[in-house]
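Sequence annotations record features per position, and here TrEMBL assigns transmembrane segment to B:12-34, B:78-99, B:105-121, B:128-150, B:156-179, B:214-237, B:262-284. Sequence annotations record features per position, and here TrEMBL assigns domain 'ABC transmembrane type-1' to B:74-280.
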Amino acid sequence: MTATDRIARFLFAFYMVAFFVYLFAPLVIMGAATFNTSRFPTVTPWQGTTLQWFNELWNDRAMWQSVWTSMVIAFFVVLIALPVGTAAALILTSLHARARGFLYALMVSPLLTPGVVIGIATLVLWRQLGVGGGVFLIVVAQASFIICYVMLMVAARLQRFDRTQEEAALGLGASKVMVFRRILLPFLKPALIAAAFLAILQSVENYNTTLFVRGFDTPLTVFIATKVRTGLTPAVNALALIMIAITVIGAIAYEVARRRQAAAAAQRAA
Amino acid sequence: MAELYRRFGGGLSTIFVALVLMWLAGMVLAPNIMMVDYALRPNLPPAQIGGPNDVYSLDNVMYLANEAVHRSIFFKTIWASAFVAFATFVVCYPLAYWLAQHATPSQTAIALLALTIPFWINEVLRTLAWYIILAFRGPLNALLLSLGIIDEPMRWYGNGGVLAGMIYAYILFMLFPIYNAIESLEKAQIEAARDLGASTWRIHWRVVMPHAKAGIATGCVFTFMLAAGSYVAPALLGAPGSRWFTEIIYNWFFEGGDWNRGAAYALVLLVLCLVVVLVTLKLARVNLTDVAK
Amino acid sequence: MSHSVELHKVGMTFGATRAVGDVSFNVEGGEFFSILGPSGCGKTTILRMIAGFLQPTEGRITIGGKDMAGLGPNQRPTAMIFQSLALFPLMPVWENIAFGLEARGASKAERRSKADELLKLIALEGYGDRMPGELSGGQRQRVAIARALAVEPQVLLLDEPLSALDLKLRQHMRAELRALQKRTGVTFIYITHDQSEALAMSDRIAVMSAGVLQQVGAPRELYDNPATPFVATFVGETNVVAGKATAVEAGIATVETGLGTMRGRAGPGVAAGQAVRLYVRPEALVPGGKGDNTLSATVERIDFEGAFALAHGRLADGSAMVASISSTDLGGAPAIGGSATFGFDTRHAVVLPDG
């Protein structure tokens, strides 16, 4: 091993450490600040260890109200985005190349539109119709781009669909509706579940679009951002910590399940 | 369309078409057309709407061109977003390369899982974490002081804070496209280049990066677009001197009370983003179909 | 009795390509009918038109005397078995088999009992709750057949269903399919490019080439009396000698060739003065020159195949020749490298118009 190799190796190791510190330090510090008695969330100086912020979180009616608002929004976004995104993917795969290119560009355009612009456009249209900001407009504005994600995920799965299954079902006397319900939908189910997850995530985490169409309603992201101005306490950190914990547990469970499945598959193949 | 009806029958196909029409016409096209309409009309009291003064003009766009502060914030947002895209690329590229070419499958699985964890909690909380770290009396200053690197606490809020927060927020949008692109590169090509005496730098510049061009372009386009349209990072981590164009737009809507001018500013931002996206993709010869993976 | 399936001047054009033209044939009830031809000959198109996945651009298809025009695959008394089988991977075996009954609104108990009955028929009792992915190739094959039979179709359409299996399993499944067909009495229309498969299984065979129907007949008839040069060369091995017909009398054509004068049975459309070809099967060639006609060839090699050996030779005009010699006669086989004379009877040769 030459000296330059050794230097390169060292630099790469340094980079990797720095990268993952950069990635996780914010989470660790945010979590740790939950246990500091300091009113402003921080870890320096450490003023004493406490669990009082969980208590405060528990009693924060406004915070729970905003969590509820976010959940309601996410529910309706999923309700709209799944059927529309699926329909869009099905139409796309049934079109000829030329028309498909144009429609595809139109369908992914919301992904290439800045979030604030989506919020503004939705706001001005609905004001013209006499509807102001609020949960309804948040759902409409978020769904308009979350549908794209659903469409892409469903379309990706559709590409692996064996159309002779549809023909086989038709040949056995099934109606087209039955073919859709019994053959195509069950095939799409994994993609639909994943898309629903992603849609919920996108909906709950959205801020840029939501900010413009929220009216007087306050979903979680808006609530937290407002708190920064009006007096942030580690109760927010407690909430974040709970979310991180759920995520990490979920991620580990997912990885364990994946490995177990892979092992089972390997065993079956052997 | 005929194929759709043949495949799903009249009832289902009509439902599909109606749903997609509602989305594309009602939720994508109509709002944007209305925004253009707003942008081109003057802001008038209700009594005068539809009156002789309610005519289309480019006054709102020209206002941006002539207002020195807004103009400079606009250009600053553009170049800063481009810089964010570049910096995110620099941060992500080595890891993407390592994951795609050197890591074992289980290392890759764990690393990808670890990478996604911060992104399951929302963008506002991620930004908030940086807000805490970069506070004047926060952990970063405390660490640097105790190491003796600085003598007195620094003010991180501002350009540096916005940059750190944005790179953090967009890592995945850059990493995944590049990782996917490099993964399809045969190891043998790199070995061949090395065998021919190419330096590490040269291998990346002449073999790996050209191969991953589509992924790099995709990552940069998305990062640029997200950065230019971001509101939360500049709002939380910025300083008065680091105002972002989206903040100006917000002010027109909710403080200045001039929606027409706000719509015009938003329109300019939209056009700029689309131009940058399309030009970058064209230059990198990437198809729109490949972008959205 | 009416024909089970009737095709009347059926044609199919895709854009500028004419995939099938002017095809007419009848399939009798309870018949095992094969459509044989190389890939791209239009046989799958015909099957898909009978099934209703394609509507013919010309002509008429009737099933059980009823015109099928405008009816979709789910409205026809047919069931199809696909080359890929197209089992539904997300349904257990019994639901696969009972899918057609589900489409007809049968109750769950009814469906389950019918599925169990069919599982017994295909000797897979107790496999109802497995998933298709857990079955072997042959088992999946049988499930696909059971699924098609469950709807009690008048006609079962099979699109090369055995092509994915290995040789041994394929031969086993051939016998099983044939037995199943006899037992159920359902009309089978079977697509294949494998002529030995078609010859072994079918009551009758339709031979297709380039979208045109060449001949319909029983396996023996196709083999012994090919009506066109394509059938003569595609069904079984054969030797070809080109020449000119000098006379046609009482069904026997006299052919002047570069290798001498030869006689064979005149096929349809052969007239004196015409350019023709004479076809002789390898097993009709007898070494030693016994018979009405003779052919001289240089023997290049002899491939021993077990029950018989194939002698590959070259005729005086440079074309290849092959003769089949029974193993019991190998003592009298010609020497390799030497010249040998083969004889054949006039009734074993067929003369057809050239081209």
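Residue numbers in this text run from 1 along the chain shown.
Note: Cβ is positioned from N, Cα and C throughout, glycine not excepted.
Unlike curated records, TrEMBL annotations are generated automatically.
From a predicted model like this one, the values you see are computed outputs, not experimental measurements.
Sequence-distant neighbours of the transmembrane segment (B:105-121) (same chain, 6+ residues past either end, Cβ-Cβ under 8 Å): 95, 99, 168, 171-172, 175. Against the transmembrane segment (B:78-99), stretch B:156-179 has more CB pairs under 8 A than any other of B:128-150, B:156-179, B:214-237, B:262-284.
Long-range Cβ contacts of the transmembrane segment (B:262-284) within its own chain (Cβ-Cβ under 8 Å, at least 6 residues beyond either end) map to 32, 35-36, 38-40, 60-61, 63-64, 70, 74, 78, 213-214, 216-217, 220-221, 224-225, 228-229, 245-246, 248-250, 252-253, 256, 291. Listed as Cβ neighbours of the transmembrane segment (B:128-150) (distance under 8 Å, sequence separation of 6 or more from its ends, same chain) are residues 156-157, 160-161, 164-165, 168, 236-237. The transmembrane segment (B:156-179) makes contact with the transmembrane segment (B:214-237): 3 or more of their CB pairs lie within 8 A, with pairs spaced 6 or more apart in sequence.
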